[in-house]
Amino acid sequence: MGTSGSKSMERELASMWELSFVVPPDHETLDFKFLLKPKDAETPCIIEEGPTRLLTGGMLEGDVRVALFKLNGDDEVLEFRVFNKADLVSPLELAASWRVYKENLQPSRVRGIPDISINVAPTNATEEGSAATLELDLEHYVVPSPPTAPPNGYAANLAATPASMIQTGALWTNDVLLSDGIQSPSSVSAKLEDCSNDKKNIEAWATDSSKNSGLIESKSVGTFTPLQKLDGQKGLFVDRGVGSPMLPKSASACFLASGFSFGSAKTMPEAAGAVAAAAVADRLHGSKEDRKLAIVLVGLPARGKTFTAVKLTRYLRWLGHETRHFNVGKYRRLKHGANQPADFFRDDNPEGIESRNEVAALAMEDMIDWMHGGGQVGIFDATNSTRKRRYMLMKMAEGNCKIIFLETICTDPNIIERNIRLKIQQSPDYADQPDYEAGLEDFKERLINYEKVYEPVGEGSYIKMIDMVKGQDGQLQVNNISGYLPGRIVFFLVNSHLTPRPILLTRHGESLHNVRGRIGGDTVLSETGELYAKKLANFIEKRLKYEKTATIWTSTLQRTILTASPIVGFPKIQWRALDEINSGVCDGMTYEEIKKNMPEEFESRKKDKLRYRYPRGESYLDVIQRLGPVIIELERQRAPVVVISHQAVLRALYSYFADRPLREVPEIEMPLHTIIEIQMGVLGVEEKRYKLMD
C-alpha cells in the first residue's frame, strides 16, 4: 500500500497542519480540494480557491501551489504553502495507523463520513488458506500476552533490591533464582558418552581446562570484530546441526575460534566453538570459591551499561548460573533520594563523593553476601569511572570473588544523544522533573562532571566494548581473560548488538501425533496443520514484505519443514538443535500409556519436569544446553528470523527472551497455531502474540 499526504500546510509565522490519507499504489486519479474548518461548528467550511487538485500514483499532478482561502467574502485571503510527500507503508504499519485512527479520531463532520476507510467490516474469511483468509489488518489476530510477559520500563528497576537497606529477615526478597539450574555430573557423563570423538581425546579435552577455556586465555590485549554474515545461507536448505569439535589448543587457534573460523569444511554455527565445552560445565574447573565472578561495569553515563548488564544477566540466568544485577543508582536513590542535582556528582564535592562511595560499598557488600549464600555471578552496575573507586572494589573482592571489568565505550554523538534522551524519559532521577529541557541540561552537566575525572580501565582483567552498538565498526578487546565462564561471556558480548528486529516463534502446524496425543515421532501434518502452514506463509508474506534479508529456521523434523514449505522468498535453515526434546524409549507413546506401562517414570517426570530425563532421551536442561548456539545466532542476527520448532524447544527459547526462571520453563504456555513476536531493540524486549487459528 502507499500513503500520500499533503504534509505541513503552512502559513507564514503561523501554525502547521498535516493531512494524510491512504491509497493503493495503483489507485485511479483522485480529485479533491482542501477545506478550512472554522472553530465555530455552526460556520460552514471554506473551500479552497482555484482548480481541483489531482492525485495520481501518490503524487499531486501539476505544479505544487499554495492553498488560498477567502474569508468574509473577498476581504481577507489566507495562504498556506503545500508540501506533498508519498511514503510506502508496510501492512503492519498501515494496520497500526488504522488502529490509532479508530481509537482517537471521530468521523469527519464536513461530509458526515469517515475520512479514512480501510476494511472497516472484516470479510468472512474462508478456510482455504488463500490471501483472503488474512485481512490487511494483522492486529485482527493479536491475542493478549501472558501476564508474565517481559516487562517494559527503566532497565535498572530490574536490578536487585538493596538488601542491606530494606531487608528485614534472613531471606532475600527479590530475584530468587533456581539454585541448581546446572546439570548434575551424571548428565555430563551421559553427554560425554555420546560424543563422536574417541574416549582418549574426550578425557584430555575435559581435564585440560587451561587450554580449553571455551574461547580464549589471553595475557595480552586481543581485539575482536563481530562478523555479520550468516555462513551457509547460499543454498535453500542448510543443515545447521550442533557439532562437538575439539577445542583448539594454541593461542592462535583460540583467536580463530573467537573469529568464528574452525578450519573445517563442514558448515556449522559460529557459536558452536564457544559452547562445545558446555557438556563438561564449569563444575570441572576449580573449586566453588574460584567460580564466584563479579562483572564490574565501567563507563560514562548514557553508554549502555545498564542495558548490557540486564542483557548479560538474562543470558547467564538462562544458562543456569545464579546471576544477579546490582545497580548502584538504585542504592543511591533509596539512600539519598532520586532528585540529586548535577552538583552532587562533581569531583570537588566531598559530601557527594562520600555519599556515592558509601552506596557503592553497600552494593558491593550485598553482592558479596549474596555470593556467600550461593550466588555465582554478580553484575555490578555503576560508572566506576576512577581507578580509586575500582581499587576499592578490588580490595573488597579479595578472597571473595574474581573481578572482571566490563567497560562500555561509545564515541558516536548521535547514539549518545539518543541514550541521554531515553535516560531523561525513563530514569527515576527525572520522574519528578516536569521540565524536560531542564532535566536534559542537568543530565548533560552531570555527564560533564564525570568526563572531567574519567579514567579508562587498564588494570586487572577487563573487557572493553568499543562502539559495539555500531555493528561492523565495533570492537571488543579482552585482557587477562581465562576460564570457561568468562570465555562464554566474551563470546556472548561479541555477538550482541542493539539493532531492532523481530524474532517470530511458532510451533509447527498440528501433526498426526498431536491429533493422536502421542509424543515425539516424525509424522506429517494433519489437515488442520496444513491449513496453518498456508496461513503462516500468508502472514509471513505480509509481516515481512519489506524484509528481504529475513530467514526461516526449522528443525530437521518433517513437521516443521512441511510447515515452512509454503513460505517463499526467504532462505530456510535447518537446525538439529531445534529438534523436539528426545523422549527416548517413550517416543511415540501417549502419556496414558507411559502412566500405565512405566508408572515410576511417569511419577518422576511429574515431580520434576525440568530435570527429568526420558530413558535414553533428554531433559529440559539438556534442551537448554543444546540451544546455546541458537541463542548466540539469534543475538547475532540483524534481520528478522522466523523460528518454526516444537513445544519444549520454544519454551526454552521463550524463557530466555522473557527472563523466566528455569523452574518455570516446562510449564510455559506455547499453544499451537500461534505466533509469538519478540521485538528486540534498544529499549529491551517486547512481545506480541498472533493467533491465526483456534
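Here the Cβ of each residue, glycine as well, is placed from N, Cα and C on the backbone.
Database features, via TrEMBL:
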| type | residues | note |
| --- | --- | --- |
| DOMAIN | 1-73 | domain 'CBM20' |
| BINDING | Arg507, His508, Gly509, Glu510, Ser511, Leu512, His513, Asn514, Arg559 | substrate binding site |
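With respect to Cβ neighbours within 10 Å, the binding-site residues Arg507, His513, Arg559 differ, and His513 shows the lowest count. For the recorded substrate site, residues Arg507, His508, Gly509, Glu510, Ser511, Leu512, His513, Asn514, Arg559 set the reference point as the centre of their Cβ atoms, and the other residues of that chain within 8 Å of it by Cβ are Val515, Thr523, Leu525, Ser526, Gly529, Thr563, Leu672. Neighbour density for Gly509 (substrate binding site): within 10 A of its CB lie 29 other CB atoms from the protein chains shown. Counting only same-chain residues six or more apart in sequence, the Cβ atoms lying under 8 angstroms from the Cβ of Ser511 (substrate binding site) belong to Gly521, Thr523, Val524, Leu525, Ser526, Gly529, Arg559.
Per the record's binding annotation for substrate, residues Arg507, His508, Gly509, Glu510, Ser511, Leu512, His513, Asn514, Arg559 show a top Cα-Cα distance of 14 Å.
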